[in-house]
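**Q** According to Swiss-Prot, the protein carries these features:
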{"type": "REGION", "residues": "1-48", "note": "region 'Disordered'"}
{"type": "ACT_SITE", "residues": "Asp62", "note": "active site, nucleophile"}
{"type": "BINDING", "residues": "Asp62, Asp64, Asp237", "note": "Mg(2+) binding site"}
{"type": "ACT_SITE", "residues": "Asp64", "note": "active site, proton donor"}
{"type": "BINDING", "residues": "Asp90, Arg126, Thr169, Ala170, Lys214, Asn240", "note": "substrate binding site"}
Amino acid sequence: MMVSSHLGSPDQAGHVDLASPADPPPPDASASHSPVDMPAPVAAAGSDRQPPIDLTAAAFFDVDNTLVQGSSAVHFGRGLAARHYFTYRDVLGFLYAQAKFQLLGKENSNDVAAGRRKALAFIEGRSVAELVALGEEIYDEIIADKIWDGTRELTQMHLDAGQQVWLITATPYELAATIARRLGLTGALGTVAESVDGIFTGRLVGEILHGTGKAHAVRSLAIREGLNLKRCTAYSDSYNDVPMLSLVGTAVAINPDARLRSLARERGWEIRDFRIARKAARIGVPSALALGAAGGALAALASRRQSR
């Protein structure tokens, strides 16, 4: 996560300078900052009309096991192994991590630390452009087929309502940005590896974007984009993301681990499990969420007409 003591503009790589988490704003924070370098909302498939822009609402999606089946970094590692960037022993390590992630449905701190060390050692001395190009290729070969259809429909629902849709993930920024771009989303906040003159140094900028770090990132993004967090929605599979889920007006547990499922039931959060209900993902999105997004779109349209 890129953290500084001020709010700045995205740099040339598209990274966002985030406010310091030392003094976070209240959950309904908003600001007059205008969006910078933001793609236009994506219209519904088959439509030539842009949806009305809903400037104060957004949706935040975790990636691993929420949007993507399993770990996006492991899928990336598989693609690199196929290109002989890694040894057979490394491939077995990736497969073991993937199997454990799918079996337990939750992250392990030791796995996260070990993965970080290996990833930083791998990218040190390599160009950012090379990693971005590899990410594009591996997305097409592996990751595209791992997107949960139900979660993809949810992202489109928010886009159709004219809302921003962001990926908030521990996944390396370059890969997260590729996924967001391919799905037509607004953008991504991910773990940032330091680079100098387009070459990775093998060090992180800040820490892995994980747990409370995601909540700090979302708060800062809300200030930057003028969002009202009470009107925003967050999606995750992991109990580790409770700080982020607790910030917004609507929290949704997607393919939740046991602890998140229990908490979601306790707090009355929506639960969607596409692992055991793949057909339901094709039938439609939750009615309450759909109505909320549609209501936001209508409100934005009414506001636009009144201003004319």
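In case you wondered, yes, glycine gets a Cβ from its N, Cα and C as well.
Provide an account of the burial state, proximal residues and distances for the features listed.
**A** Taking Cβ-Cβ distances under 8 Å and a sequence separation of 6 or more, the neighbours of Asp62 (active site, nucleophile) in its chain are Leu167, Ile168, Thr169, Lys214, Tyr235, Ser236, Asp237, Ser238, Asp241, Met244, Ile254.
Mapped onto three states, the DSSP output places Asp64 (Mg(2+) binding site) in strand.
Following the DSSP three-state reduction, the secondary structure of Asp90 (substrate binding site) is helix. For Asp90 (substrate binding site), the same-chain residues 6+ apart in sequence whose C-beta sits under 8 angstroms from its C-beta are Gly77, Ala81, Lys118.
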**Q** Taking only the binding-site residues Arg126, Ala170, Asn240, which one has a CA atom nearest to the CA atom of Asp64 (Mg(2+) binding site)?
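**A** In terms of Cα distance, Asp64 (Mg(2+) binding site) lies closest to Ala170.
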**Q** If you count other C-beta atoms within 10 angstroms, which of the binding-site residues Asp64, Asp237 is the most crowded?
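**A** Neighbour-count leader: Asp237.
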**Q** Report the largest Cα to Cα distance, in Å and rounded to a whole number, among the residues Asp90, Arg126, Thr169, Ala170, Lys214, Asn240 that the record lists as binding substrate.
**A** 31
